Each structure stands twice: as C-alpha cells, then as structure tokens.
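Taken straight from Swiss-Prot:
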type: COILED; residues: 216-250; note: coiled coil
type: COMPBIAS; residues: 125-136; note: compositional bias 'Basic and acidic residues'
type: COMPBIAS; residues: 342-351; note: compositional bias 'Basic and acidic residues'
type: REGION; residues: 110-136; note: region 'Disordered'
type: REGION; residues: 290-310; note: region 'Disordered'
type: REGION; residues: 342-369; note: region 'Disordered'
type: REPEAT; residues: 395-435; note: repeat 'WD 1'
type: REPEAT; residues: 438-476; note: repeat 'WD 2'
type: REPEAT; residues: 492-529; note: repeat 'WD 3'
type: REPEAT; residues: 595-632; note: repeat 'WD 5'
type: REPEAT; residues: 634-671; note: repeat 'WD 6'
Amino acid sequence: MSSNTGDQFANLGKALSTTASVLFSSQPMEDTILSYSSPYKKLLHETITNAGGGSSLVKVRHDVKLSKGKNTGFQDIYSNSKEFFKNSYSDPKTTFKVLSYLSDDLLEDAPRDTIPQNKNMITENGEKRSAKSKKQEPTLFQGFEASLPVINETIELQQKLIMNSDMKPLTDSESIPVYAEEEEQEEEFSLPDHLKADKLLHSYSASFLKDASRSITDNLDLLEIQKNLAASEIRELDIKLEKLKMMRELVFKRVAKIEQHELFLEKHLNNVKDRIDMIIEYNMDKEYSSEDEENINGLSELSPKTGETNETYETAATTPLENKEEEHSPLLSKSIYQQLQDHEKKSDISERKKHSTSKKIKDVGVSHRNRRRKTYPTLQQFYDSGSKITSLPKAHDEDITCLDFDMPFGTMCSAGSLDHSVKVWDLSKKKQIATLHGHLASISCMQIDQYSTLITGGRDAVLKLWDIDKAMADEASNSSEDNDACLYTFDSHVDEITAISFDGDNLVSGSQDRTVRQWDLNSGKCTQTIDISFATGPMRSQRNIPLRNSVLLTKEPPAIGALQCFDAALATGTKDGIVRLWDLRSGKVVRMLEGHTDAITSLQFDSVNLVTGAMDRSIRIWDLRTGILSDVFAYEQPITSLHFDLDKIVISNNEPTVKIYNRKDGNHWFCGEDDPEQGNVDFVRYKHGYLVEGRSNGDINTWAI
C-alpha cells in the first residue's frame, strides 16, 4: 500500500471518530458539521482530495471509459442519480453532504436582499406598506398552505358530483348541477381557529385578542395569496383564450377556403352535366382518344370560355361552312366542334329556330332535375349570432325594392326603385359579376332558386326567366348581346306584377290587374287565370299610422301584396287584409283567414304554419291544419317583408334594424344598429342562418343569425 493511500485511511479514521463525537454531542449537528472551521469538514476534505490525486473519487473518474467525441460531465458517467454518490470509502449520504456543501467564500458572491424579509404580507392594523418597500413574494410553503382550502373544496365538490351522478333527476330542480346550486346559495364566512365574533367583542384579555389578531392577519395573508393565485390563473386562461382565438381564426379561414373550392368544383360539375345532356340529346357520344385531347388542346385558345358552350353550339348550327379548306382542316377534322357542325348540316335549321324558345323553357326543368348540389355552405354558423358578415354600400342609387339569393355566400340578385335592370352579385367575393337588362320599368319582385334560375316581375307587366350562369359567362366574355341570358318572357298581365312564386314546373304571379296567373315552365304558356274580387276602400289603420322615410307614403299598397305556391296549394294576401288559400286544381278558395286590418304585404308558409305581415304593423302566425291564429305580435311601423325557417322569423318594417323572432322560445331581438343615418331596412331574405337585407339608401348587408 502506498503512502498516499495510508494517509488517506488515516485521515478517514480521524473523520469517523469526529463524526461519532458530533452525533453524541448536545450541539446541533448542522452547526458543527457545516461551519466554515469545522474539523469534520477539514478532515473529509483532506481524505477525499488527498495530495497526489490518489482519492477514490478521482480514481473512479479516470477508470471509467468515456466515449470519444462527447462532452460529458461528472454526473454522466453513472446510469442513475444514486450511483453518483457511491464510492469505496464513504456512504452516499456523507458524500452528498460533502459534494453539495457551499463554503462561505462561494456564498459571498451570491446576491443579497438588502431589505429584511417581513413574514406578514400586510400589517396587523391593515395599513398599506410604504411605497418605497419592495413587494415581498410569498414563499413556496405559504403558496402551498394557501392552496389547500381550494384543493379541499374541489375534492368535496367532485365527491358530491360523483355521489349525485347515479341519482336520476325526478324534478327540474333536481336536474340542476350541484355546482350551480352551490353558486346560487349565499356564501357564509367564519373566523379562523373557531373564533367567535361575540367573544371577540366582549373579551377583555389582551393576550387572547392579540392571538386572535395574529390569527386573522395570517388568514388574510392566505386569502391574499389565494387571490393572487386565482388572478394568475385568470391571466393564464386569458393567454390560452387568445391562443385559441388565433387558432380559431386560422381554422375559420381554412373552412372558408374549402367552401370556395367546393363552389368552384360545383360550378364545373354543373358544366360537365350540361355537356353530358347535350351529347346524349344529339347522339354525339364517341370513345375518347388521345387525338381528341390534342385537338381540344389546340382549340383551347379559340374555344369559348366556361359557360359559352351553348352559344358556340347555336352559332355553329346556324352558320354554314363556306370555306372548303377550313372544312378539311386537320385542326377541326376530328374535333367535337366539327361533329356539331356536321350534325347540324343534316338537321332542319328553320325547325330548330321555331322551337328554340320552347327548348330553353324545357331546359329549366331538366336543369332542376340534374343539378342537385352535393355540398352547401356552412360558414355562417361559425359567426356570432347578430354579427355583420359583409356590406355592399351603395349597391343601388335608390332604395332596394327586392332581392333574393340562392344560398349563403352564393349568388344574389337585387333591384332598385329607379333601375330597369337586375344586378348579380357574388356574395363570397363581395362584388358585382353581371347585369341583366331587358325590363322596361323598375322591378318589383323576384325569386331565384339554387339552380341559377331567376324569375323577375316588374312595372312593365312582364315576367322574365333568366339563366344566371349564362349571364355571368356573357359578362366574363364581354358579350355585346344584353338579353342572351333571358330565356323567356311571360307577357299576359296588363298591369304591374307585384308578387311571384315558382315551385318545380309551376309559376304563379299576382298583378295589379287583380288576377293571379299560373304558368307552365315547360311550355311558357298561361294555364290558369284566377280573378281576385274584393271590395275597395280606404285602409283604416294605415291612415292613422305615421310613416318615416317610407316608400309606402308615395304609393298605395298593391292589390295582391304577396303569394306563395307549393304543388297544388296557393296562398294569397291581398289589399283587403284577407289571406285566401286556393286549390290550383280547381281554381277555388278552400279557406279564408281573416284578422288583419290593413293590406297584407308579405306571407310565407311551411307544412304547419302560415306567417303573414301587413301594414297594420302586426305579424300573425296561423295554424294551417285548423285555420286558427297561433300567435300575433306587432311593431311600431308597417311590415314590408318577412322570411322564416324552422327556427326564426326575420322581419323588416322600415326601421334601421331587422326584427328577429325566435319560433322556439318566443324571444324577440333586433339585428343591427338603430341608426337612422344608415337607412331603413325595406326588404329581407333569410336562408340557413344567413340574412341579406336591402335598405332605403341603396346599401345591402349580410348577417349571421
């Protein structure tokens, strides 16, 4: 054994004897062992760090094989934390104390708090501390002690919820959650350490009162810590909510982008279906080949844009091939356009011109059967109820007379009181995409379906059937023909058309000539005329109601203010305030609903209820099964329009706000700001939680309801 090892064992023996004397002495162990001049510390230091580097701890490190190229510390040579303190000459506890000991020299560099620590967070007298003193943070133990009551309360509440989870609610009050009942009950507080308020007020013992004061002060300290902990949780929740809000915005934009993609694919899917119908109808089907693809690619610059296929087809059908070289051109020899021309050569062109109008009308019915949408927009349901989605300021120069849209974020058509045309809008892109010209006077009513079919009626006593897709294609290609999108014109009425409704192949229109006409959309012919006979006279309630900024001041209410048809059922609302239910198969009235005291301006029905609005300011809800009035309510101004679904009824009455009535719970609320400078709402349309309203200043707004 070397001399270094012998000295090491000798020093270790001295250290062990010193340790035994410390353990059996009456002086505190920490003061003896960890003092700067401790003989125990000195002997152990000499034992472990013996001169010459012969200590066991140093040998262990040199004996371990370290991997090359890695920067490892002393702790990295052991697989777990316990092996870090193992050696051949001392137990792990002793080694831990030695290795974790910090001398006074090292502690001199540690930052010190010049302000003495005050255990009390507030003074006993409840006075605020001096502004110069720094705020003392609670210790870890104080925070743990303050959180214990909250933890216990949470555990008790959880136990109550578990105990009540198996109990079936027998009454409405028993079905209320336990935590809700706890919140409704008044909170009772008590003094700490079972102190009684009466005893404190009547006690003359100074020591008892001092102890009580300290106890209450300590309790206030704990409450202050609890409050700070709760405030910290609120701040953390606010941060999390902000992050969740940002994430929601990102996902919201993703949904909007996906729905835009769906609309794009739906549009091209409809074009493909129309193409298939045309090929099948004219028996032009053939096998697809690579040469067809080359010819189509070669014609891509010459072929019309999307939506112009029908126009190209009609032009090819009526234009003969005069150039022989063009007829044998390799570019067109095997293209589908050449087949179209060859097919039309064999057909009777004059006969096609004769029946071209009836074919357009027939295509509307075919379109309805084939164009079934696979997807529908749902983005509106992710907006807050009553929030504005978009705005189209000054969409028209004057007030909006009528508007309609096919689906949320889809296509909208609108008309103004001084316009003789219809404007077509893309609600998702918030811009005008087409204009429909053809009426000779202002347009008073319109309806659009989800298949891009629009029917309008105006003061020129005509109805027009429009193809919106064709209008958008013509607008995109800068077509010079204004009436290409008009498929048909119905012109049997002799006065202004005030109301229309179409369902499937049937179209019903009401006019100031006091007739209701039924049209066949397959042939364009009027199949039935119903005369509406009622006595005329001054409207009683209207004369006593002051209107503000209303177009109703300048004209009398229409003879037929509203109507709706479904299959063989027809409902009409007229100037005499009576709702008539008709059977279109017989052309006779089957029921009359009386109750309004003025002209009816709007109505709508579903399978159960009929809702009517009139100039007597009232909304009436009728039960169609019994003909009895189910509900009635009124507003301050006459009703101009209404629309509803299974959940809500939206109403306009020449006021700045849209009135909303919840059909399920009966609640009334307003949508928009009550600001007269923004104009009054004249017309509303509502579908699938998506509201579009037109105002007297020409603005159009969309809302999430």
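Cβ coordinates are placed from backbone N, Cα and C, and glycine is handled just like the others.
Only residues 6 or more beyond the boundaries of the repeat 'WD 1' (395-435), in the same chain, are considered here, and those with a CB under 8 A from a CB of the stretch are 259-260, 263, 373, 376-380, 441-452, 454, 456, 458, 466, 468, 471-472, 474-475, 485, 551, 679, 682-683, 685, 687-690, 692, 694-700, 702. Sequence-remote contacts of a segment are chain residues at least 6 beyond its ends whose Cβ falls under 8 Å from one of its Cβ atoms, and for the repeat 'WD 6' (634-671) they are 386, 542, 545, 547-550, 552, 598, 601-604, 606, 611, 613-619, 678-688, 691, 693, 696, 703, 705. Note: the repeat 'WD 1' (395-435) comprises 0 helix, 23 strand, 18 coil (DSSP; helix = H, G, I, strand = E, B). Over the repeat 'WD 3' (492-529), the average per-residue pLDDT in this prediction is 93. Each residue in the repeat 'WD 3' (492-529) gets a DSSP state, and the totals come to 0 helix, 23 strand, 15 coil. For the repeat 'WD 6' (634-671), the number of residues in each DSSP class (helix H, G, I; strand E, B; coil) is 0 helix, 19 strand, 19 coil.
Helix, strand and coil content of the repeat 'WD 2' (438-476), in residues and according to DSSP, is 9 helix, 17 strand, 13 coil.
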